[in-house]
Structure formats: structure tokens, C-alpha cells
Amino acid sequence: MPFLALFTNMAFYHLFLLAFLIGAQIYQSFFVNTVANKALNQTSFRILMTALWPMYFRLQTIVSALVILTYPGEKQNALFRGAASVQGLLDEDNRGTVMLPLAIMLGSSAANTLVLLPKTISTMTNMHRVRAEKVRGNTGSQSLGNKIDSEYDGDRKAAEEEAVRSREDKALTTRFLVYHGASYACNLITVAASVCYAMYIAEKCL
């Protein structure tokens, strides 16, 4: 096939997008996170990840959708079966090998983009706000402890507020771990589904 003819073949875009998606997922999930966590303090790491992950999941969702739309079908390339684009995924022969992994990719990445990541970031923000207030409350409580007995009620109120913040902190921490764990699991599911689909295509080439 002539080089320029590649750009008129849907299979080229389909395979290019799949390769791009797998590379981006592996780089962000396993390299960027690890290196940034070692190189940055917790505050800087949190700021960086809060900026990177939304962009990453949006990209993951968009590219997953494009991989589905560019499915070439058997008329474009003998490696593939059925019709092109979404219609080809619905072909009976493609439901388990093509539609299932691609649907998982799109569904899990969309769940992260629309639900899990926003919930994770919102919960994390509230969690750190409560912890900052707790630190300020401890400082205020220590200064109150040095005052005269007439200000005992102020100390008691500060202690009660600290207890409330502590319970809120624990609840937010638990919620954050749930959302973060679900988000991470969805990302790994997307990575696994895309790799499985790539392996299916590679098997067809052999």
C-alpha cells in the first residue's frame, strides 16, 4: 500500500488511536504518578495531580470514543470483521472480541470523567480544608489554655469544635479512599480492556 494511501484508510486511524491511548495510559498511570510522588512534596503533588488527572480522563474518554468510531470493518481491512464504525461492533461475531472491550473502555473512562474524579477531587478539597481548620483550632486552643479561668468556656467550645472536625475528617477520609479507589480501579480496567483489544488485533496478524 502506498504511504499516502494510509491516510485514506480507516484502519490506520483506528490502530494509531489505540496505540496512542495505550501509551498515554501506561505513561500517566505508572510513570508520571510514581516520579511525581517521589520528586514533589505532598502539597505540590496534590496540585499537580488535580490539574493532570481531569485532562487525562477527558483525553481517555475522547480517544476511546474515537477508537469505536474508527472501527474499519472488513471492507477497509481483512483483519477486521463486519461493518465499519459502531455498526460493526454490533455484529454478532464482534460482540465478545470487539464490542465488549471497547464498551468497557468508553464506559469506565466516562465514569471517571463525569462522576468518580469530580467526587474524588471535591472530597479531597473538603478533607484538606477540615484538616487546615483543625490545625488552626489546635493553635487557638493552646493560646486559650494560657488565659484565666473565666475563659474556660472558650476552651471547651474549641475542644467540642475540634471533636466535630475530627469526626468530619474521618468521614471525609473514608469517602475519599472509596472514590479514589474506585477511580483508580476504573482506570486500570480501561487500561486492561485496551490492552486485551490490542492483543486480539495482534493475534489476528499472526
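Backbone N, Cα and C define each Cβ position, glycine as well.
Note that the structure is predicted; figures quoted are calculated from it, not measured.
As annotated by TrEMBL, transmembrane segment applies to 12-35 (among others). If you look at the transmembrane segment (12-35), the same-chain residues 6 or more away from its ends with a CB under 8 A from one of its CBs are 6, 49, 52, 56, 59-60, 63-64, 66-67, 70-72, 105, 187-188, 190-191, 194-195, 197-198, 201.
For 17-128, the entry in TrEMBL reads domain 'TMEM205-like'. In terms of DSSP secondary structure, the domain 'TMEM205-like' (17-128) contains 97 helix, 0 strand, 15 coil.
According to TrEMBL, the transmembrane segment annotation covers 47-71 (among others).
Among the features that TrEMBL reports, transmembrane segment is placed at 98-117 (among others).
The region 'Disordered' annotation in TrEMBL covers 136-165.
Residues or ranges marked as compositional bias 'Basic and acidic residues' in TrEMBL: 148-165.
Taken from TrEMBL, the feature transmembrane segment applies to 176-200 (among others). Packing against the transmembrane segment (176-200) from elsewhere in the chain are residues 18-19, 21-22, 25-26, 29, 57, 60, 64, 97-98, 101-102, 104-105, 108-109, 111-112, 116-117, 119-120, 123-124, 127: each is 6 or more residues past its ends and has a CB under 8 Å from a CB in it.
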Intrachain residues whose Cβ lies under 8 Å of the transmembrane segment (98-117), provided they are six or more past its termini: 21, 53-54, 57-58, 60-61, 64-65, 67-68, 71, 81, 88-90, 179, 182-183, 186-187, 189-190, 193-194, 196-197, 200
